[in-house]
Amino acid sequence: MSVHANGKTPPQAFSKCPFVTRSDFQDGCVALLSPLVPRFTPGNTRVKIGTSTTRFDEGGAQIEGFARPLWGLGALLAGGYKYKEAERWRQGIINGTDPEHPEFWGEIEDLDQRMVEMCPIGFALAVAPDELWNSLTDKQKDNVAKWLGSINEREMPNTNWLWFRVFANLGLRKNGAPYSLKRIEADMDHLDTFHVGGGWSNDGPKSHHQMDYYSGSFAIQFLQLLYSKLAGDFDPVRAEKYRTRAREFAKDFVHYFDEEGRAIPFGRSVTYRFAMAGFWGAVAFADVELPAPLTWGVVKGLLLRNFRWWATQEDIFNSDGTLTLGYCYANMYLTENYNSPGSPYWCCLSFTPLVLPESHPFWAAEEEPYPSAALPEIAVLGYPKHIVIHRGGHSFLLSSGQACHYPLKATQAKYGKFAYSSSFGYSVPTGGYQLEQHAPDSMLAISDDGGDIWQTRRLALNARIEQRGDLPVLISEWKPWSDVTVETYLVPPSAESGNWHIRAHRISTSRSIMTSEGAFAIYGCNSHNGRILGPFKDGSSSEGTLEDSQRAITVSSAGAVGIVELQPGTSRAGKVVLADPNSNIVHGRTLLPSLAATIDAGKQLWFVTAVYALPSGEEGWQNDWRDKWEKLPQVPSWLQDMIDSKACCGAMLFGMDSGIIGGVLTMDTFKKKYGLENQSKVGAANLSANIVSTLQAGCFVGALIASPVADKWGRKLSLIIASVFAIVGVVMQFASDGYLQPMYIGRFITGLGVGAASMVNPLYVSENAPRAIRGALTGMYQFFIALGIMLAFWINYGSLLHFHGAASYIVPLSMQALPAALLFIGMLFCNESPRWLARQDRWEEAKATLSRVRNLPSAHPYVENEFQDIVTQLEHERQLIGGSGFWDLMKEMWLIPGNRKRVMISIMLMVCQQMTGTNAINYYAPQMFENLGVTGNATNLFATGIYGIVKAVACGAFVIFVADTLGRRKSLLWTSVGQALAMLYIGLYVRIAPPKAGEPVIPAGYVALVCIFLFAAFFQFGWGPVCWTYVSEIPTARLRSLNVAFAAATQWLFNFVVARAVPNMMATVGNAGYGTYIIFSCFCFAMGVFVWFFIPETKAVSLEKMDDLFGVTELVERKTAAMEHGETREVDDKVDATETRIERV
């Protein structure tokens, strides 16, 4: 309500109306019409309400004030109501269409605003002929017919305006006056081209994506329904089509309303207010029964609740009872250039059910509440590119991709925001200077001039909705300038965090920019004294603001709105912006919680924003807001995977090398340059094995050396050093120019970097990852190996086709440096491991890092509990041995039974991983495909490229969908069998029906080729990613680095064995090397047995709880108890008998 110096504005008649019965609805219509009476001109042809102007003439503006109320008056009269002032409108129609009358409305011109007003006039004539037409003289009828009919000869916009010509003709047809059926049919045929599906239509041709309330209640759906009733006698097929569309559209449109009756304001012309609900009235007018749960009682409730809510908004009226321009109060900043003081009366179209008798099912039905239980809380509306959410106490939508098809005032605010709320509305700019005037709620504003002028999203490119996990995500790209790109991901609230939605932005910029991202704007005044809210004074304050690093919040009588940065290491300052008055359409004085940051030129980074919204309408919100605010949402695992992938580029080092070197060895230019073509079959095999295995030798050494480096100088610096070694080694390889010595040295140095990265990378990710998604994030290491292999295969194939001479192998060899460079750059922006920091007794830094990584305040119980687990584990481990030197750690690893078991499992897993045969295929895939009958080097490399795609896709599917649901043990078990069967079939095929040169591949051979691809898929669903996950998660904090180093070194040792052995095996173990496949098949079967008896499940077990799983906690407790009783003897290996039983599920 308005507050003035002398009290409140007296409520208008409309605000006193209960809007429950048909009689109430009639009274509400009269309450809008009657204040217009004193505003009529002497000839009753115009209504002048105010003095603001429009882009069209003043006569057209005043004709709006006259004609638009006819939506309500026509329905009122058609339903039998005797309104005493109706004669004014009848007389106005007579005089306004009379060319000889002083108040003649004027001849219609092209694109004339008067065309719009012909629509309500035509409707009123069609439904209320007795009151508005039949009593006219023949001349008066002729004048009306000529004036309305003149629209048929004029140019109209290619938008919803075409409907206005249709209704001008319908009004004439219904009264037997001359009209143009040809024009109706032509316009209707063209309007039908606007339909895109599901009842949704563009407001214009399909080249524009604009589906706002004009697609529904303001024009297209509304008028389609009226047409189906008024034109059903001569256009029955189209009428039925429109009824069918309405049934489809209603299933989406219901989501734009909330339980209180409010519609979600979106797009232009929201000054039409309760016209937003006009579709439901048109459904009743057209007698269209909608699908469940949209019964007549539900439809009635949707319309009447909307009216009742508007009746509470007393500031929508001037003091004389006429409507203002604005939304919840008079607001000229909101208005478009076509809004005259009479424009808001388009809202009268929602009175169309007054045509219906009291006995109609719409009026006879008992009003029903909003069907929340029967509707999803999150609805994906694909055609308008909206995700509508009914959670957290209000209804709101996420939006990307819509835009007005012409330059519209405040178009960015009306179509380009990330979110629109039924509770908080939206804000529009009041000027173009500084943030307060731009008022960018639910927007990311960007400035390149120090904060004077801000760019916000107007046009979203490539907007699409994708399912990510259990939630839909709205993805788009936009460019404030040609050299600045923002990719935005809008994520609706999860069931656990119903008051939070997430926005993630990947920003790339070539210029230095400032950014400010706003939450919803919220009423910003103190409820006690009306002054603008300031910071919370103490913990008990019920209203106030908070500005802090990474977050900001405002709490007022309207509820609580806040914003938080979730991305670790991203610095953004929390600010509460005092938006310009009258910028928000719901509240005149608002505050805008925001996050501000500066990005330097040439940078690319992520913002991950969580927006908190708790409207005051939710029961008990004042007691609950603080707890809900402190309970931050989790970053979705798929999003964290995208962001964290930069740390996994180390895996691509190995993947790229293993894929590239196999293809390079088959290239004729490489063979000639390095002397392979002059060797015997066995000699060539040995030389190939030497070139390949030199890298594995370096990897073995690198993995062992990396452990003390990572423990002393940290995980982050270790990965940076590893990338430098890899780059240096790659340079030596492609610069060796046919000399084997620099090739060997270069591959060994590259191996040092690759081996170190293979040890530190999964360790680093495991120590940072939340336990709920640790399997997926650690599995990313294997995914990037597979991705590197896939890229390498296709690089080889492309180089063979497009490069000649030495370039055909130099280009692939040089491309090995790409993941190393990405790793170097990516790690510069990553945090150190919080667990390594804790080992160094840097406790405050460790907790702060853990807080950032978990996206939670340091005082949050989740962070507190995890941090305490880290502290407790380190204390327990130090109690067992005491020292932290190398030999102390070795004793701790090998003398304590639970630790010894863990390192033996880790070593055996890595032996098994290599003995699956996967790297035999990675290194020598082209040769293997040749052995299976695929001839031609280009064909071999193409088949190898397909193999790489299969590996990458399979591993990606595992990481995204099952890594943390299926579990480690089950993944290893079933893939052991799958791998064994695939290898066994290949071996038997090569043994029984070996392919012969020059002969086509037989059907059994194609099955063998498929088995190669199946083997790849099985490996990527189990032994590939799970081994790295397992060996990095089971060790103690003190031994994790050493344990992973032993495992990685073992992996590289047996990788070396495989690389050296396979070429000779393929040449000597049976015809075409069939025995090679059978040997690997036997190993795979044996691995399944090993897993069944020795591998416990670790899914969802925190790193600090692994000691419980392997019996170390019990040993610490026994030793502590012994010391408390004065005993100093060591607890020896007898504790083996007391180790906890490990459940194998």
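The backbone N, Cα and C atoms fix where each Cβ goes, and this holds for glycine too.
Range annotated as transmembrane segment by TrEMBL, chosen from 213-235, 903-925: 903-925. When TrEMBL is compared with the stretches 345-363, 687-705, the one noted as transmembrane segment is 687-705. A contact links the transmembrane segment (687-705) to the transmembrane segment (1042-1062), because at least 3 Cβ pairs that are 6 or more residues apart lie under 8 A. The stretch with the most CB contacts under 8 Å to the transmembrane segment (972-992), chosen from 717-736, 1042-1062, 1074-1095, is 1074-1095. Residues 647-648, 650-651, 653-654, 657, 674, 690-691, 694-707, 709-710, 715-716, 718-719, 721-733, 735-736, 778, 781, 816, 820, 823, 833, 1028-1029, 1031-1032, 1040-1041, 1044-1045, 1048-1049, 1051-1052 of the same chain sit 6 or more residues outside the transmembrane segment (742-764) yet have a Cβ under 8 Å from a Cβ within it.
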